[in-house]
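Undergrad: Next up is a structure, given as structure tokens.
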């Protein structure tokens, strides 16, 4: 009985997710897959009670399902524990990870990220923004669309760096780091030099470790920070934007799969 109820709930939630994310997002259909699994589990119990299948087959399926649920719960706890209690102030750079720029849609992940960036820059105007994101499925350059939104909302365009080559979170962070390194090199080359006792030039820019923030939605923070540390970031801090509460469960499930995929690929 419980399995059939869960199947119905998954089907209903899946329909809600699809209505909010669009029919082209294949990941949204995963809830129909869950509905089928729970329905099949309910049928297994009936088959066992009618003595059509052995007990071990039912136990095996339910054990696997329980293991999957436990993995999801543990991963969700890790994601929750990775969220910062407060934003790190005075960062040198703030990387906004790219996502679909559906800025007109209610509950847009992208809009939540950009509004959080505006809030952060209002309190930390010297921080340089790095927007990362290449061409998405809709053929729009994510970072350019996101930059336009920030500029329209009062952010100085001279305070924004744009990276347009990346197509996933790992590339976001690798290419953003390269862009920051190049920016720092350009700044050093443009820095005035002084002559000390005719012995030669001395740079007036102090070499110091720079603080970098990674801004993304709350469900995405855990994986993003693991990737950042794997690709060479040192003084890096999470800056968490909120996410759509209705879609939050869906995002947690999607992120659980993504974390295991990245572990398999040794990206984290």
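In case you wondered, yes, glycine gets a Cβ from its N, Cα and C as well.
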Undergrad: Any idea which of 10-29, 30-49 is down as transmembrane segment in TrEMBL?
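TA: Comparing 10-29, 30-49 with TrEMBL, transmembrane segment matches 30-49.
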Undergrad: State the residue range annotated as transmembrane segment by TrEMBL; the candidates are 61-81, 82-102.
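TA: Checking TrEMBL against the ranges 61-81, 82-102, the transmembrane segment one is 61-81.
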Undergrad: Which bits of the chain, at least 6 residues beyond where the transmembrane segment (61-81) starts or stops, bring a Cβ under 8 A of a Cβ in it?
TA: 37, 40-41, 44, 218-219, 221-222, 252-253, 255-256, 259
